[in-house]
Amino acid sequence: MSAQAQMRAMLDQLMGTSRDGDTTRQRIKFSDDRVCKSHLLNCCPHDVLSGTRMDLGECLKVHDLALRADYEIASKEQDFFFELDAMDHLQSFIADCDRRTEVAKKRLAETQEEISAEVAAKAERVHELNEEIGKLLAKVEQLGAEGNVEESQKVMDEVEKARAKKREAEEVYRNSMPASSFQQQKLRVCEVCSAYLGLHDNDRRLADHFGGKLHLGFIEIREKLEELKRVVAEKQEKRNQERLKRREEREREEREKLRRSRSREHRRHRSRSMSRERKRRTRSKSREKRHRHRSRSSSRSRSRSHQRSGHSSRDRSRERSRRRSSKERFRDQDLASRDRDRSSRDRSPRDRDRKDKKRSYESANGRSEDRRSSEEREAGEI
């Protein structure tokens, strides 16, 4: 890659797709399904293992440093949860690597002669010390490149101790194996990168392996996978809590709505009850008023009827008295007319003589006769 291309890549990585106002590069967004999410998170195996013995070639999805810069800028304000896609990608890759490791182990078991479990454990101890020495030597080279001489010297002291342990382990292993078999190369498969390691590899070979790009690349991928698992678990837990919180809020809102509706229904029911009670009271009051009015009217009517009955009785008595008085007047008039008739009849000479005799007789007999004659006259009138 030329210096100009490197500079452009650095600018893309720092400023994104719109660093120079070029809108033609914005035809695809970092959220597009065609963009590699592992590349955006800087953990795509195609990038990590590029140039090694297990170079995977170009990724089938889009890799662009400018899109990675766009994602890093946008992820500060919004969580896109791309870690889940990257985790699935790395899990698939590591699963393939582990399958290759198991296949290599089976092939070694078939090609190498059988040894006892005790001898195998001693050989495994030698391999573990070789791996430790190789890692320490790789660290020494890294510290020396950084200029950290003191730390490099401390690590070299640990390397010497590991070498001493290795010599002791090899001696134990040599004593447990026949001389002819000991010279045979015993191989093992690296659990990290599935590469073959020899039991009698020298320090240089071990340093080249454990400090090489392939082994370190697999370590990086595996560490990134563990980190993604932790991040995804935390985000899922956070999302579950937020979802649970939203559900609780919805349930609380629903309960509140239900409570409000019940309270409104209760108020409406209460208002209807109160209105019915007021109507009932009003009806009862109106009935009482009508009853009182009817009672007053009936009492007035009874008093009027009583007065009318009293007046009528008085009128009847008056009428009877008037009738009696009129009868008496008629009777008196009849008597008077009779007396006039008698008097007219007495006007004859005979009658006058009789009357004179009678008056003389009456005058002779006194008042007794007069009283008797008055009584007889009254009796005759009656």
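Backbone N, Cα and C atoms are what each Cβ position is placed from, and that goes for glycine too.
Over in TrEMBL, the protein carries these features:
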| type | residues | note |
| --- | --- | --- |
| COILED | 94-172 | coiled coil |
| COMPBIAS | 235-257 | compositional bias 'Basic and acidic residues' |
| REGION | 235-382 | region 'Disordered' |
| COMPBIAS | 258-311 | compositional bias 'Basic residues' |
| COMPBIAS | 327-354 | compositional bias 'Basic and acidic residues' |
| COMPBIAS | 367-382 | compositional bias 'Basic and acidic residues' |
Per-region confidence, the coiled coil (94-172) (mean pLDDT, whole number): 82
Intrachain residues whose Cβ lies under 8 Å of the compositional bias 'Basic and acidic residues' (235-257), provided they are six or more past its termini: 79, 81, 83
For the compositional bias 'Basic and acidic residues' (235-257), the number of residues DSSP places in helix, strand and coil: 23 helix, 0 strand, 0 coil
